[in-house]
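> Provided herewith is a single structure, encoded as structure tokens, for subsequent inquiry.
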Amino acid sequence: MKINWKLLITVTLLAFSVWALWPSLKFALMSDEKKEQSEKERDPVLGRTLKLGLDLKGGTYLLLETDTSHLNGAVKVKDAVSRAIEIIRNRIDQFGVTEPMIAKQGDKWIVIQLPGIKDPKAAKDLIGKTALLEFRIVNTSEEARQVLDLIYEKRITPVQYRENSSAYPDIKAVMPEGASVFESRSNMDYYVLDKALLTGAALANAKVEFGGEYGQMMVSIEFNRDGGKIFEYITERNIGKSLAIVLDGIVQSAPVIRTRISRGERASIEGNFNSEDAKVLAAVLRAGALPVPVRLIEERTVGPSLGDDSIKKGFMSSLIGIVLVFLFMFIYYRSSGLIADVALSLNLIILMAIMAYLKFTLTLPGVAGIALTLAMSVDANVLILERIREEIAVGKTAKMAVDAGYQKVFWTIFDANFTTLIAALFLFQFGAGPIKGFAVTLSIGLIVSMFTAVTVTKLIYEFLFKKNLLLKIKI
């Protein structure tokens with residue numbers, strides 16, 4: 001039995017398209033309450049839905065600049081930025097944002113897109129914190145008291161001193177070896193702290209709990225095996241001293257060590273946190289510290305209503321355009337136009353299915369790419385039908401006219417699509433953001449368009465001829 005490979009491939013693609021688009025269709029038909037619940041519960045189905053970009057769904061766009069001035073060598077800079085991206089991704093995953101887009105741009109910039117996020121401020125706090133956690137003993141020596149007196153006398157902040165210590169030689173002269181000065185969260189208390197004995201790299205877990213003397217919210221931290229040993233050693237050797245917990249250069253708390261804290265026991269960070277602050281702090285500690293400081297240099301927020309408006313307008317304009325094209329093809333080319341309409345429909349369905357399966361994000365420029373793809377597909381079908389009309393005009397039978405039409409037009413269609421595909425690949429390689437979205441949808445669409453225009457329509461003609469359902473073509 002001879003296998004019809006064209007039919008097998010077409011049926012397989014159709015089955016694949018139904019499977020790939022079913023989660024998106026199911027999600028689209030949900031009520032707003034169910035959609036929100038699915039996103040909160042991180043329903044696995046969401047991982048298979050067609051992703052919408054910021055301009056369609058709403059959300060936040062952030063552009064971060066990494067400070068790599070202290071690093072020497074391009075390899076070190078590249079590695080630091082790559083690790084920063086990975087840590088930011090881990091933090092965002094803990095924040096519960098579905099399908100964020102995080103990418104490197106240039107040598108030191110990081111682009112972040114968070115579709116559908118409802119709290120941009122919390123996201124910025126989560127992403128922007130360096131989250132360098134340190135444990136330092138509070139120095140209470142006479143030299144430390146002199147340092148604090150001089151800082152108060154000169155009316156400078158600890159940050160000003162640390163950033164330019166050479167400008168204050170009198171303070172530097174009495175500063176205990178290896179120590180530095182820090183301020184508290186309230187900016188009211190200053191501390192002279194010895195060198196860091198333990199860092200956040202030794203953490204195994206961090207979570208929000210209620211506790212403390214007044215039942216306030218705090219972040220409970222658990223050390224890994226090596227960190228537990230070091231922490232036990234620190235507390236054993238420094239009973240009666242204050243242990244400052246420092247996060248990004250700010251003293252969160254400085255409790256007095258009353259007794260040795262054994263391995264396996266937890267420490268806690270208390271700092272008059274509200275619920276959101278505590279959650280963000282726990283998340284960044286779990287994800288780890290950024291290898292380089294980052295600075296927010298651009299922020300854009302698209303409201304959900306604007307995204308919904310874009311979807312509605314884009315959907316309606318696309319629907320009207322497609323219906324008009326379908327009607328024109330049917331009226332002008334009759335039954336052959338109807339066959340072309342089937343190919344156009346399959347083109348759109350397969351294209352959307354591939355995008356959903358490959359987890360591409362659909363944006364407004366992407367919608368423009370789809371529109372251009374459909375236009376190219378219409379153009380290909382028009383070329384085929386006009387050529388068939390010419391063959392019929394010279395007296396050929398319907399089947400011979402169709403065979404000749406496809407044979408003579410194939411390379412014209414191929415050349416047009418291939419040259420456009422080359423342009424799309426250049427756009428993808430050198431473009432950024434929206435341009436890449438346009439290039440991706442256009443590239444996939446062109447390949448699918450070639451298949452539907454040349455293979456699917458020919459397959460339909462062959463079926464109709466075989467069943468004697470199409471004896472004469474009127475174009």
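Just so you know, glycine gets a Cβ as well, placed from its N, Cα and C.
According to Swiss-Prot, the record shows the following:
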type: TRANSMEM; residues: 7-27; note: transmembrane segment
type: TRANSMEM; residues: 313-333; note: transmembrane segment
type: TRANSMEM; residues: 338-358; note: transmembrane segment
type: TRANSMEM; residues: 364-384; note: transmembrane segment
type: TRANSMEM; residues: 410-430; note: transmembrane segment
type: TRANSMEM; residues: 437-457; note: transmembrane segment
> Near the transmembrane segment (364-384), which same-chain residues lie under 8 Å Cβ to Cβ, leaving out any that are not at least 6 residues past its ends?
53, 55-56, 310, 314, 318, 321-322, 325, 329, 340, 343-344, 347-348, 351, 355, 405-406, 409, 412-413, 416-417, 420, 434-435, 437-442, 445-446, 448-450, 452-454, 457
> Test the contact criterion for the transmembrane segment (437-457) and the transmembrane segment (338-358): 3 or more CB pairs under 8 Å, pairs 6 or more apart in sequence, then answer yes or no.
yes
> Are there residues at least six beyond either end of the transmembrane segment (313-333) with Cβ under 8 Å to its Cβ atoms? List them, or say none.
56, 340-341, 344, 348, 364, 367, 370-371, 374, 378, 381, 385, 475
> Which sequence-distant residues neighbour the transmembrane segment (338-358)? Criterion: at least 6 residues beyond either end, Cβ under 8 Å.
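For the transmembrane segment (338-358), the list is 13-14, 16-21, 23-24, 48-50, 322, 325-326, 329-330, 366, 370, 373-374, 377-378, 381, 384-385, 440-441, 444-445, 448-449, 451-453, 456-457, 460-461.
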